[in-house]
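Swiss-Prot lists Asp52, Gly114, Thr115, Ile116, His117, Asp118, Thr136, Ala137, Pro138, Ser139, Ser145 with the feature NAD(+) binding site. Among the features that Swiss-Prot reports, substrate binding site is placed at Asp141, Asp188, His272, with the record citing sequence analysis. Residues or ranges marked as Ni(2+) binding site in Swiss-Prot (evidence: sequence analysis): Asp188, His268, His288.
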Amino acid sequence: MNISALKARIRASKEDLYPLPLEQIVVAEGALREAAAFIAKQAESGVVLVADSHTYKAAGRDLHDHLCQKGVKADWHLLEPNSNGDIIADEVSLISVMLKVEQSTKLLVAVGAGTIHDIVRFVSGKTNKPFVSIPTAPSVDGFTSLGAPIVVQGSKKTYQLVAPIALFADTVVLQHAPPALIAAGFGDMVGKYTSLFDWKIGSLLKNEAYSDLVADLTEEALSTCVDKVADIGKRTSAGVQVLMESLLTSGLAMALFGYSHPASGAEHHLSHYWEMEALRLGKKQLLHGAKVGLSTQIINRFYKNTVLPDVHRFLDDDEAKQVIALVEALPDPDDVKALLEQAGWNEALVPIAPELVEESLQHAYLLRDRYTLLRLYREGTTMKKEGDAHVGRS
């Protein structure tokens, strides 16, 4: 990725954004060697590498060999799955990593996908120890962001903490990632259709903070990703590189803005609701991006088929006109599904009960203090009903 070009765009925009957090981003074959060279410059000892048994085999072992060749002394911490076989970013995982961090620790290294990065990001932010990102799958857009979604006492909360100081993604490693993780990464990108929509709605109707540059960066990443969906589905080197760079751009956009609005709207709220229900019931977790792929279709269809015909009930004429134009510009939900399927996504990856879908459409907007069209619709129609009831009683 061309960080210099991105910095130039940021300067030219003259927008009041957060500084670009990463010193270096490499997405290429042989990136693990470059990662070892970077880490060696940061610290010759006091390096803690965090992975699980799968990501250690995927990239950790080779990275460790490269570090040894550079004379770097590094300790490993392998995260343990729960009874369902899932690595969860919860109190147990956080404490296990915290116990590996000592006063002499200079650098943390996250070797894995989204959850491992969430755990390391949280520990990095709380201990003031920088971390380096080594993604093993192009599965989520959170690698370069500031946010760490953490499960605390069964509920998920996102903590705004720190981005990695550098990221190295080896395309050979990415190509060998499980196909479901690659499909999930594409699902996370497809979610930008509705997240960008909801962010625009919040800005227009509720005066929420907005950035044209951040929106443009996110939209460009989405378009580039969609254009290469065939290559992504075939897991070509070019395909996984485009997907990884699109996900990273989305994460950087969030970091520049300081919040997740560009990449997380009602579609993510539905996904989080489903995840919390699975945690409550002790069920195995589903892939985040796979859920977002489904929730994007659901929320898109809900906006077009349910909200749009009812929009004048809770918005004035000028607001309704703006919302109608934006909803009509959203892609057809069936077209979104076709794109996802090209990337390897299928509904079997997300066996969500229809009852849970309906429940999430009713209540998921309450999970975040953020305006989305789903929130405006639920709150607006509720107020309308209450007002009508009051008139009826008077």
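Start at 1 and count along the chain as shown; that gives each residue its number.
Yeah, the Cβs are placed from backbone N, Cα and C, and that goes for glycine too.
Of all Cβ atoms in the shown protein chains, 32 besides its own fall within 10 Å of the Cβ of Asp141 (substrate binding site). Each of the binding-site residues Asp52, Asp188 was scored by the number of other CB atoms within 10 A of its CB, and the lowest score belongs to Asp52. Residues Asp188, His268, His288 make up the record's Ni(2+) site, and a Cβ search at 8 Å around their centroid adds Val140, Asp141, Gly187, Gly191, Ser264, Glu267, Ser271, Gly289, Lys291, Val292 from the same chain. The binding-site residues under consideration are Thr115, Thr136, Ser145. Their Cβ neighbour counts within 10 Å are lowest for Thr115. Using Asp141 (substrate binding site) as the reference Cα, a 10 A cut-off selects none from the binding-site residues Asp52, Thr115, His117, His268.
Shown in sequence order, Val140, Gly142, Gly191, Ala263, Ser264, His268, Ser271, His288, Gly289, Val292 are the same-chain residues outside Asp141, Asp188, His272 whose Cβ sits within 8 Å of the Cβ centre of the substrate site.
Neighbour count (other Cβ atoms within 10 Å of the Cβ, all protein chains): 25 for His288 (Ni(2+) binding site).
When Cα-Cα distances from Asp52 (NAD(+) binding site) are compared across the binding-site residues Asp188, His268, His272, His288, the shortest belongs to His288. Rounded to a whole value, the Cα-Cα separation of Asp188 (substrate binding site) and His288 (Ni(2+) binding site) is 8 Å. Taking all protein chains in view, 36 other C-beta atoms sit within 10 angstroms of the C-beta of Pro138 (NAD(+) binding site). Ser145 (NAD(+) binding site) carries neither a helix nor a strand DSSP state and counts as coil. Neighbour count (other Cβ atoms within 10 Å of the Cβ, all protein chains): 28 for His117 (NAD(+) binding site). Between the listed binding-site residues, namely His268, His272, the fewest other CB atoms within 10 angstroms of a CB are found at His272. Between the alpha carbons (Cα) of Thr136 (NAD(+) binding site) and His288 (Ni(2+) binding site) lies a span of roughly 15 Å.
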